[in-house]
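Engineer: Let me begin by handing over the structure; questions about it come next.
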Amino acid sequence: MLGTTASRALLLVGVVLTAHMFLCTAYVGGDGFSVEFIHRDSVKSPYHDPSLTTHARVLEAARRSSSRAAALSRSYARADAPSADGAVSELTSRPFEYLMAVNVGTPPTRMLAIADTGSDLIWLNCSNGAGAPVLAAARHAHAPASAPASAPPPGVQFNSSSSTTFGLVSCGTGACRALPDASCPGSKCRYLYSYGDGSQTSGLLSTETFTFADDQGTRGDREMRVANVNFGCSTTMTGSFIGDGLVGLGGGDLSLVNQLGADTSLGRRFSYCLVPYSINASSVLNFGPRATVTEPGAATTPLIPSEVKAYYTVDLQSVKIGNKTLAAPQQSPVIVDSGTTLTYLANELVDPLVEELTRRVKLPPAKSPEDLLPLCFDVSGVRKGHVAAMIPDVTLGLGGGATVTLKAENTFLEVQEGTLCLAVAAPSDRFHPVSIIGNIAQQNMHVGYDLDKGTVTFAAADCAKSSGSLYI
């Protein structure tokens, strides 16, 4: 009896110590929760431009995709090049495609933040409130000498002085050590995050209660409340930023996914189902058990180590069109990323893919707008609904024997009236080429990430139906 009591006591101590590394406590039902995953071009987004046509929005997304892919490539280069003080500062990428709402503090302030599978840190625009002298010191300490004066960011700012649950993170904590570029001249943890275009955000690592509205379909109105979430309270921004902040969904320690993992009923897992661009509906983002991919034909592939911890990377082994299989170059890691529109593959795969599609697709060629894409067809003479039948499936062979079939909606997009282009290209950076499975390739798929098991799962799905009529 005494031995049993002692064992339980030791187990309790272990649980408490683990929970206090990041101090994340969740209050939610056992099946997890779901939130709206809003595309930046949606009518629900503050960045929706009503003057653009549907095709113009697609073209803009392709341009952003090129910028983001270049930033992901530079981050790989940066991972191999330590900074002068010996620290490696992860170079995250700013072009984004999806947003999610989060309610921060007590009482809650609703903020619409970028949701990014290629970043770790959660950070929000903050005004100097609670602990104002400390926040002001952080602003002064991290403002680059040559940087332009920072202006108040657009959108919502979180005022920490109005919240009863706001706190600051001390130096020496696990959360502070998890930052790629932190400084501790005082007792509080300061951070500096840099982006590919030279923009920066800095402030104090803080803790706060986050509340997520769980209003998926007919499940009823519920709330998911997570106490003591570590996030960056950003008081200095240089360059141009949009949005109220960023929620990192990457694989690093400070991402929302890993912090939710402190609650064992949720685990470190999330999924999304991306609605096609052509449908006027939001997608859905799931956390916890609700993120399990159960659709028929689901294919699971193991995650492999990445030079940048935030990135979800898998092994690409082949690309198949009809009965022709193209073997990937040896050691072909590919990032699965919701924030990149196009798919990027090695030249050794793109060139024969274009050649094979040109041979198989019986449509007249067309010029690519701005030479952004490697292959385009003229579909002006084809009745709507008949084009998809003319495009062969493309199958990706991934590690662990997984195969993911890409339909026409996953491989082609109409960038202007009557011009259909391949949504697959070669990386523009020849020195640090990075392969990416982008969000066009993931449309109408339920994609689940399980960090506890170290896997990514893909399954065909009707995402407009999955998102529920509430989001349309």
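Cβ coordinates are placed from backbone N, Cα and C, and glycine is handled just like the others.
It should be emphasised that the depicted structure is a prediction, and the values quoted were computed from it without experimental measurement.
From TrEMBL, for reference:
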SIGNAL    1-26  signal peptide
DOMAIN    98-459  domain 'Peptidase A1'
ACT_SITE  D116  active site
ACT_SITE  D337  active site
Engineer: Quick one: Cα separation, D337 (active site) versus D116 (active site), in Å?
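Structural biologist: Rounded to the nearest whole number, the Cα-Cα distance is 8 Å.
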Engineer: How many other Cβ atoms are found within 10 Å of the Cβ atom of D116 (active site), counting all protein chains shown?
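Structural biologist: I count 29 other Cβ atoms within 10 Å of it.
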Engineer: For the domain 'Peptidase A1' (98-459), report the average pLDDT of the model, please.
Structural biologist: 87
Engineer: Neighbour count, 10 Å Cβ-Cβ cut-off, for D337 (active site): what number do you get?
Structural biologist: 28
